[in-house]
Amino acid sequence: MMARVRLAAALIPATAILSCLRTESWDPCVQVVPNISYQCMELNLYKIPDNIPISTKMLDLSFNYLRHLGSHNFSSFPELQVLDLSRCEIKIIEDDTFQGLNHLSTLILTGNPIQSLAWGAFSGLSSLQKLVAVETNLVSLNDFPIGHLKTLKELNVAHNFIHSFKLPEYFSNLPNLEHLDLSNNKIQNIYYEDVKVLHQMPLLNLSLDLSLNPLDFIEPGTFKEIKLNGLTLRSNFNSSHVMKTCIQGLAGLKINRLVLGEFKNERKLKGFDRSILEGLCNLTIEQFRIAYLDEFSGDDTDLFNCLENVSVISLLSVSLGSLQALLKDFRWQHLEIINCDFDKFPALKLSSLKKFVFTDNKDISSFTEFQLPSLQYLDLRRNHLSFKGCCSHADFGTTNLKHLDLSFNDVITLGSNFMGLEKLEHLDFQHSTLKQINAFSVFLSLRNLRYLDISYTNVRIVFHGIFTGLVSLKTLKMAGNTFQDNLLPDIFTELTNLTVLDLSKCQLEQVAQTAFHSLSSLQVLNMSHNKLLSLDTFLYEPLHLLRILDCSFNRIMDSKEQDLQNLPRNLTWLNLTQNAFACVCEHQRFLQWVKDQRQLLVGAEQMMCAEPLDMKDMPVLSFRNATCQMSKMIISVSVVTVLLVSVVGVLVYKFYFHLMLLAGCKKYGRGESTYGAFVIYSSQDEDWVRNELVKNLEEGVPPFQLCLHYRDFIPGVAIAANIIQEGFHKSRKVIVVVSQHFIQSRWCIFEYEIAQTWQFLSSRAGIIFIVLQKLEKSLLRQQVELYRLLSRNTYLEWEDSVLGRHVFWRRLRKALLAGKPQSPEGTADAETNPQEATTST
């Protein structure tokens, strides 16, 4: 039975939530929970849709036009547990309408103008626990056929036309009834006969709500010896006299909770005399609540004398002329003062008080010390209070305090380290302004503290020992504060038992790698609304028991280059929504991980790309790996192409003149040479070339036409082009005049390198080396290739003597004639016995 109640209680709020989160079309209704819950509200239905599954447990048909409910109208839904028929203009309910609904626990008929309700209308409801018949034109409980509903716990018939409080005899068949709501009916008088059934069959757990009934009279002795769990009388009386008389009529009642007063928007009493409550001396009350009463007249010193022995007293929006009524040492254990017009904080001295709630009293700004030696629970929320030197046992007059709530107040200066308050288990400062929290380890003595909330307290955390001493802490909430350099340091060293940590809205940009190393018991971590740029899984690896991680509303683009499997194994809920994801191939691994972890990620469908622009506001799940494969291929081909072009370009640039030479060889390869030799020399040696080389070769027999740059190069053409086209291509031989100046000239070396290529490409080409002067080997070795050639090949060496000259010119002419085609006239003066060339050593 209890299981059905729990299911109904869970399904009712679930409808509102899930209808927003998981709704899908189930024409014409909305499927809230597949095969379980369906919402058919405001669809202008005249009958129940045929396509609702037989397994449905919760069905909302409110605001339709069903009008007439016939026999076995809902027999197609034997599993139904909650049925809402609010405002369906139902006028007739026949016998056995709900027959077959053996599991139905909640039935709501609110707002139906019922004209005909058959005696067997509710037959078959063997498990019904809650029946709501608000605004159903009910005029008497005698006409309501519910006597057989033995499992009924809650009956709500408020806002009807019931004139009599007489409880029918069938109430003796409702042993489980716990709540009867008769508020806002037409009940004026209550007589002994009306509650006779309660004398015969006590309903000890029954709570009655008679608010907003125009009560004029309660017969004395009506409730004598009756025990009730609760009675609510709010906005019932037109005058203080009527209220006083009716309270006196309650004499003899034993009640757990009595509520008197008015509603905020339903005020009837113009004044309140302290004598009104004198009748309470004849009642046995455990808990008393009085609400929305003001303009007390007379001295209120004895106002609560008849409530001296109650355990719980609650004052809601009560305007007391002075505080004298609260200054006596009553036996109260629980006192609530909510939104009352006090000018200053009450100086209480209640030796038995264990729980004190003093909230929403906006006119009080200063705190007054009080003496409450038994106090364990203190709630001072929303009072605009300021504290200087908070907190110690001297402030509250007790060393037994376990719960302290100072949230939503003004400035609280922590000048003490909670001396004498070592038993504290719950401490809440949220939305108050904390000062001096970084001065020292203010929580050092709170080794029993389980819950700490310093959210939105304008704290900038600098001191790393701020949480020293909190070895038993389970929950820490510190949202809305800031850290030095926007870095979360290692400040949780001693919090080894922490299970819940809230760091949201702390403007965090970085987290120290060891920040969470001590939190081996952590199960819930909220890092939302910060400025984190990446999902660093290594941070959370030590959190072996972590189940819930919220990183939403950050600036996360991707995960760091880590193994995403480092996330704790127990993690079942990860929120990464509202981040700046970069849906690019560079982060392909992370994006694929998002797709693979849809069950772990909350709202994975709502994870949107922030860049690139063509994917902005597109779902992360829409990213395709194939795009990256194509991109990789394109990039690879492009890179290879660029490399090849670059290499070719470099080679062409480096060997440009060699290529020109090659092209020229093909062009001039078969033609006659214009020159016998192209002379390569240093400008420093030009006198020797003109006076010796040119004179002896061009004027000698046979004559040899030489190609000289100063004479034969074409003006306006690049030097390199002249060297190749006029020098090498039109000459049979190349004469290289080697000297110290030659070796030091870059142009000479360049011409020499081209000459080597020319010799390689042309089969008839030849290079004749003339060493003009003795060369130092150290200088010659600077040109490795030239040194190697002179070491391995013959060359001519100039000697300025008669014999040396004769031998030099004879050998040079012979070298120039080698490979030259024979003319018809022959070469009569060609040498026939050339002397061997010398070889350098």
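Heads up, the Cβ atoms here are built off N, Cα and C, so glycines get one too.
According to Swiss-Prot, CYS390 forms a disulfide bond with CYS391, chosen from CYS340, CYS391. Cross-referencing CYS551, CYS609 with Swiss-Prot gives CYS609 as the cysteine bonded to CYS583, criterion being a recorded disulfide. Over all protein chains present, the Cβ of ASN625 (N-linked glycosylation site) has 13 other Cβ atoms lying within 10 Å.
Cα of ASN205 (N-linked glycosylation site) to Cα of ASN35 (N-linked glycosylation site): a span of 36 Å. Residues 333, 345, 351-362, 364-367, 401-416, 418-421, 428 of the same chain sit 6 or more residues outside the repeat 'LRR 9' (374-395) yet have a Cβ under 8 Å from a Cβ within it. For ASN575 (N-linked glycosylation site), the number of other Cβ atoms no farther than 10 Å from its own Cβ, over all displayed protein chains, is 21.
Local packing around the glycosylation sites ASN35, ASN282 was summarised as the count of other Cβ atoms within 10 Å of each Cβ; on this measure the leading residue is ASN282. Across the glycosylation sites listed here (ASN205, ASN570), the residue whose Cβ sits among the most other Cβ atoms within 10 Å is ASN205.
Among the listed glycosylation sites, namely ASN238, ASN526, the Cβ with the most fellow Cβ atoms inside 10 Å is that of ASN526. Summarising the environment of ASN73 (N-linked glycosylation site), the number of other Cβ atoms within 10 Å of its Cβ, over all protein chains shown, is 20.
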